[in-house]
Amino acid sequence: MQAIAKGGFFISAIMKEFIMSEKRTEIGELGEFGLIDRLHQKVKINQESTLKGIGDDAAVIAAGDHVKVVTTDLLLEGVHFDLSYAPLPHVGFKAVAVNISDVAAMNAIPKQITVSIAITNRFSVEAVEALYSGINAACEHFGVDLIGGDTTSSRSGLVISITAIGEAQKEQLSYRSGAKENDIICVTGDLGGAFIGLQVLEREKQVFLANPNMQPELDKYQIVTARQLRPDARMDIIHELREMGVVPTSMLDVSDGLASELFHICKSSKVGVTIYEDKLPIDKQTYDTAVELNMDPTTCVLNGGEDYELLFTITQEDFKKLEKHPDIHFIGYVNKEEDGKNLVTKSGPAVALKAQGWKHF
Ligand code: ADP
Ligand code: MG
């Protein structure tokens with residue numbers, strides 16, 4: 001490659017052409033999803049075995065009489081976790097759980113993971129072992145095997161990239177695109193806790209930085225801080241759905257916030273939704289802490305991320321099978337695309353649902 005000198009550095013002629021000719025678009029203008037959409041447009045699928053590429057919680061690959069699902073997530077110190085309050089074993093557990101959650105979101109069973117890490121010399125062997133104690137605990141918890149990865153050095157903190165591989169029968173898969181008019185919208189567990197937990201941990205960190213003699217007061221906030229630091233993936237629900245013979249018509253996991261995930265279902269399935277504020281599940285500690293922090297609990301439920309609960313839609317017939325389940329909540333229904341995305345508020349009127357999600361850029 002022909003190289004030219006610029007500002008004391010050598011850059012390739014190809015790079016120069018790119019810098020000179022391309023219009024510059026800020027990533028913030030497109031946002032994370034806009035950027036992925038734009039990259040997706042230029043991706044060509046060459047293999048018949050690629051049943052689903054970009055655009056769902058995991059990719060789907062034909063594998064004989066069944067299918068494999070593959071998903072990957074990247075966690076960066078200072079962006080996704082803060083080691084001043086996140087213990088390394090928890091970081092390891094969470095890094096696995098968030099990937100297992102994407103396998104669950106396809107209605108598949110996780111089988112293997114690979115783990116790649118980049119570390120600075122700030123970390124000792126014992127610190128890396130502490131991280132792996134959490135990774136190994138998660139492998140045990142979810143019944144998956146750690147089968148490989150990569151290790152390299154980093155100049156800016158700890159980086160963890162995990163890939164999870166799962167299996168399912170093709171007809172058992174739940175894509176984001178299968179929701180139909182009149183389906184019932186379900187969500188597991190409770191929402192908003194991880195977001196509130198993060199607010200509490202950040203607040204206590206600031207108190208500690210201002211006065212290192214102050215001990216953080218976290219006893220009162222154990223549920224919400226645990227939701228942030230050591231989330232579980234709802235494989236229990238996936239196994240129960242199988243036992244009850246229910247295949248959700250669409251499903252994803254709540255990583256970016258309920259409203260944002262509902263928007264994904266609407267876009268992929270070409271439908272609209274109506275959800276009811278009074279049906280949204282919130283834990284008492286999440287509610288009380290939101291009020292204490294002067295935050296609107298409903299906003300936390302709709303837009304707080306990282307709960308790793310499952311959001312799915314089922315047919316009216318399947319409703320009877322799940323009706324009595326103590327940890328599945330029925331929050332609304334699917335309507336025609338032209339009827340929009342609606343939130344029926346506690347005070348009565350329906351308002352347009354807004355998706356704030358997590359803004360990475
Ligand atoms: P999730 O929140 O479920 O992990 P994401 O929003 O991260 O999903 O990703 C949505 C889709 O975009 C997935 O199919 C994912 O594999 C794909 N994707 C994300 N980033 C990239 C990238 N840099 N290149 C190609 N595909 C990507
Ligand atoms: Mg997901």
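Placed from the backbone N, Cα and C atoms, the Cβ positions cover glycine too.
Note that TrEMBL annotation is computational and uncurated.
If you look up TrEMBL, you'll see 55-167 marked as domain 'PurM-like N-terminal'. Taken from TrEMBL, the feature Mg(2+) 4 binding site covers ASP57, THR71, ASP102. TrEMBL lists ASP57, ASP102, ASP253 with the feature Mg(2+) 3 binding site. TrEMBL lists THR72, ASP73, ASP150 with the feature Mg(2+) 1 binding site. Per TrEMBL, Mg(2+) 2 binding site is recorded for ASP73, ASP102. Residues annotated as substrate binding site in TrEMBL: HIS80, GLU306, TRP358. TrEMBL lists TYR132, GLY149, ASP150, ARG176, SER255 with the feature ATP binding site. Annotated domain 'PurM-like C-terminal' per TrEMBL: 181-338, in sequence order. Sequence annotations record features per position, and here TrEMBL assigns Mg(2+) 5 binding site to ASP256.
Taking the features listed in TrEMBL, we show where each one sits on the structure.
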residue	record	contacts (Cβ under 8 Å, 6+ apart)
THR71	Mg(2+) 4 binding site	ASP57, ALA58, ALA59, ASN99, ASP102, VAL103, MET106, THR163, ALA164
THR72	Mg(2+) 1 binding site	ASN99, SER161, ILE162, THR163, ALA164
ASP73	Mg(2+) 1 binding site	ALA95, VAL98, ASN99, ASP102, SER161, ILE162
HIS80	substrate binding site	none
TYR132	ATP binding site	GLY92
GLY149	ATP binding site	THR114, VAL115, SER116, ILE117
ARG176	ATP binding site	GLY55, ASP56, ASP57, SER250, MET251, LEU252, HIS264, ILE265, SER268, SER269
ASP253	Mg(2+) 3 binding site	ASP57, SER101, ASP102, ALA104, ALA105, ALA233, ARG234, GLU261, TYR308, GLU309, LEU310, LEU311
GLU306	substrate binding site	ALA194, PHE195, LEU198, ARG227, GLN228, PRO231, SER255
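In this structure, ASP150 is the one among the binding-site residues ASP57, ASP102, ASP150, ASP256 with the smallest number of other Cβ atoms inside 10 Å of its Cβ. Less than 6 Å separates the Cβ from ligand 1 in the case of ASP57, ASP102, drawn from the binding-site residues ASP57, ASP102, ARG176 in sequence order. Shown in sequence order, LEU74, ASN99, THR114, VAL115, SER116, ILE160, SER161, ILE162, THR163 are the same-chain residues outside THR72, ASP73, ASP150 whose Cβ sits within 8 Å of the Cβ centre of the Mg(2+) 1 site. In this structure, ASP102 are the binding-site residues from ASP73, HIS80, ASP102 whose C-beta falls under 6 Å of some atom of ligand 2.
Secondary structure from DSSP puts SER255 (ATP binding site) in coil. Using a 10 Å Cβ-Cβ cutoff, SER255 (ATP binding site) registers 22 neighbours. Across the residues the record lists as binding ATP (TYR132, GLY149, ASP150, ARG176, SER255), the two Cα atoms farthest apart are 32 Å from each other. The two recorded residues ASP256 (Mg(2+) 5 binding site) and ASP150 (Mg(2+) 1 binding site) have their Cα atoms spaced 27 Å from each other.
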